[in-house]
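Listed in Swiss-Prot for this protein:
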- 5-55: disulfide bond (DISULFID)
- 5-55: domain 'BPTI/Kunitz inhibitor' (DOMAIN)
- 14-38: disulfide bond (DISULFID)
- 30-51: disulfide bond (DISULFID)
């Protein structure tokens with residue numbers, strides 16, 4: 001699995017409201033979260049499809 005997918009979900013420090021997806025290593029699924037718009041980490045994908053492709057979800 002891509003190491004970025006193992007990072008914890010991080011909403012970032014800003015207060016915007018961007019719908020994004022992250023890989024949840026507990027459920028082994030990509031799940032939606034609201035990204036604040038700055039900082040955060042690499043476990044942050046624009047689409048469910050991108051998250052599933054990068055993180056190998058079947």
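Glycine residues also receive a Cβ, built from the backbone N, Cα and C atoms like all the rest.
Overlay of Swiss-Prot annotations on the structure.
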residue: 5; record: disulfide bond; DSSP class: helix
residue: 14; record: disulfide bond; DSSP class: coil
residue: 30; record: disulfide bond; DSSP class: strand
residue: 38; record: disulfide bond; DSSP class: coil
residue: 51; record: disulfide bond; DSSP class: helix
- [ ] Would you mind reading off the Cα separation of residue 38 (disulfide bond) from residue 30 (disulfide bond), to the nearest angstrom?
- [x] 20
Open item on the list: Most Cβ neighbours within 10 Å: which of the disulfide-bonded residues 5, 14, 51 is it?
Closed with: 51
Task: C-alpha spacing of residue 55 (disulfide bond) relative to residue 30 (disulfide bond), in angstrom - done: 8
Task: For residue 30 (disulfide bond), the number of other Cβ atoms found within 10 Å of its own Cβ - done: 22
TODO: Round to the nearest Å and give the CA-to-CA distance linking residue 55 (disulfide bond) with residue 14 (disulfide bond).
DONE: 26
Open item on the list: Taking every protein chain in this structure into account, which of the disulfide-bonded residues 38, 55 has the most other Cβ atoms within 10 Å of its Cβ?
Closed with: 55
Open item on the list: For the C-alpha pair, I'd like the distance in angstrom between residue 14 (disulfide bond) and residue 5 (disulfide bond), rounded off.
Closed with: 22
